[in-house]
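**Student:** Residues annotated as repeat 'WD' in TrEMBL: 50-91, 93-134, 146-167, 235-276, 277-311. Look at TrEMBL and you will find 332-396 tagged as domain 'SAM'. TrEMBL lists 403-476 with the feature domain 'U-box'.
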Amino acid sequence: MATLIHTLADHSDDINYCAFSSSCLATCSLDKTIRVYSLNNFTELPYSPLKGHTYAVHCCCFSPSGHILASCSTDGTTMIWDTRDGRMLAVLEQPSGSPVRVCRFSPESTYLVSGAADGSVVLWNVQSLKLYRSGNVKDGSLVACAFSPNGNFFVTGSSCGDLTVWDDKMLCLCNEKAHDLGVTCCDISSQPVSGGEHGFRYFQMASGGQDNEIKLWLILFADFLGVELKYKCTLNGHSAPVLACAFSYDGQMLVSGSVDKCVIIYETSTGNTLHTLSQHTRYVTTCAFAPDSPLLATGSMDKTVNIWQLDLKQPCAGNIVENASKVAVEDWSEDDVSAWLCAQDLADFVGLFKMNNIDGKELLNLTEESLINELKIESLGLRRKVLQKIEELRMKTISVPVTIPDEFLCPITRELMKDPVIAADGYSYEKEAIENWINSKRRSSPMTNLPLPSPMLIPNRTLKMAVSRWLETQQK
């Protein structure tokens with residue numbers, strides 16, 4: 001379950017990037033500012049917003065300690081900030097003066113990489129804040145970067161579609177054509193996989209592209225054999241260019257955001273879709289997992305950053321759209337249908353269904369003839385699979401109540417409450433959900449974000465009886 005718990009709407013223009021430290025969330029925007037929020041209650045820190053860039057801020061990142069924040073901009077600079085008081089510590093000018101599109105700290109904070117629109121890559125010494133090494137990708141703008149967990153190498157992605165692996169001396173170790181229409185993002189899992197022949201070390205990497213695809217790679221690293229980039233598989237959940245991707249800190253999940261306005265969370269071991277989130281109203285440009293808490297941030301050209309809480313205890317594979325419990329299938333939007341397709345392992349059809357404007361009502365009316373003649377699905381096996389899933393959905397639509405009164409739904413899980421309790425904020429929640437919320441050291445109300453004066457929970461027997469009576473009427 002992924003629950004939307006807060007929305008930040010302080011920026012006045014498109015959100016370009018967001019990044020977590022263990023205690024803060026930083027966001028940056030076309031509005032030239034960086035904003036920094038506390039994870040305790042998502043309030044903005046006193047020194048925020050940070051102002052200094054003269055043009056759009058494209059990227060921001062925390063040092064591993066969280067004490068330093070870097071931001072880079074169209075103005076050709078990368079700025080270094082002290083996160084304790086918001087002081088600007090340095091302005092690092094890209095030697096070429098080209099717009100800087102991406103910046104990253106190495107895991108041990110020795111280096112900071114900045115990559116620019118002219119393809120230049122600069123490795124800065126973090127301690128001296130001086131240029132250490134520089135280089136250039138062979139073609140295109142540099143738009144993505146990620147360090148290996150051990151800091152021995154980093155990967156850059158370019159608009160021409162190449163992934164390039166560099167060592168910490170700025171030597172190019174290998175180059176791979178990854179996405180024909182251009183790379184847009186990349187990330188390396190912080191959890192390396194050891195083993196294999198000859199003492200190889202495996203690092204899992206994801207890259208997103210203008211081709212609507214996410215590709216998973218294995219980077220094989222051995223001291224005496226060098227580095228090799230091996231293709232693993234492709235994830236096809238999005239129907240438009242992928243703009244952002246990020247691994248969770250345990251490496252078990254991968255999240256992506258796209259021009260199709262959707263956020264998709266995958267299980268990395270299987271490639272299965274765990275969640276599809278479609279609350280943003282414009283392109284999703286950035287997404288990031290928090291390092292020490294089950295939080296996910298997603299940012300968009302709709303000028304908002306959504307904060308999601310992930311329930312890691314519940315098995316989520318096979319979940320359909322988050323609001324399916326309270327929206328009739330015939331009222332599903334095209335995005336809801338896309339989410340359902342992904343959950344049914346039919347993600348390859350998302351683009352086709354969107355192209356034909358298939359919403360909930362159209363979905364329930366699909367027949368074998370329409371799959372052949374209108375959607376042009378020629379494979380008999382694929383048609384039967386789609387029709388079987390639609391028939392299952394029709395049966396559920398007939399036998400299961402499709403509209404649950406909103407007051408019976410837990411505000412946290414958006415599921416029918418079985419054991420409702422009243423919290424100190426006056427709202428009713430499913431007991432287990434609010435207990436998990438409070439036990440995760442959150443002392444704010446899920447509904448108001450104001451401090452909870454007490455962790456005390458009172459059984460709401462009246463509501464429980466009302467839910468029981470409603471269920472009885474549905475069974476008649």
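Any Cβ shown, glycine's included, is placed from N, Cα and C.
Structural setting of the listed features?
**Tutor:** Remote same-chain partners of the repeat 'WD' (50-91), defined as residues 6 or more beyond its termini with a Cβ less than 8 Å from a stretch Cβ, comprise 13, 16-24, 26-36, 97-105, 107-109, 112, 114, 116, 124, 126, 129.
If you average pLDDT over the repeat 'WD' (93-134) in this model, you get 95.
Packing against the repeat 'WD' (146-167) from elsewhere in the chain are residues 104-108, 110-111, 113, 115, 119, 121, 135, 137-140, 173-192, 201, 203, 205, 207, 209, 217, 219, 221, 227, 229: each is 6 or more residues past its ends and has a CB under 8 Å from a CB in it.
When DSSP labels each residue, the repeat 'WD' (235-276) comes out as 0 helix, 22 strand, 20 coil, counted as helix, strand and coil in that order.
Counting residue by residue with DSSP, the repeat 'WD' (277-311) contains 0 helix, 19 strand, 16 coil.
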**Student:** Residues of the same chain, at least six outside the repeat 'WD' (277-311), with any C-beta under 8 angstroms of its C-beta?
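**Tutor:** Sequence-remote neighbours of the repeat 'WD' (277-311) are 1-9, 11-22, 25, 27, 29, 39, 42, 243-249, 253, 255-259, 261-265, 321-322, 333, 335-336, 338-339, 412-413, 436-437, 440.
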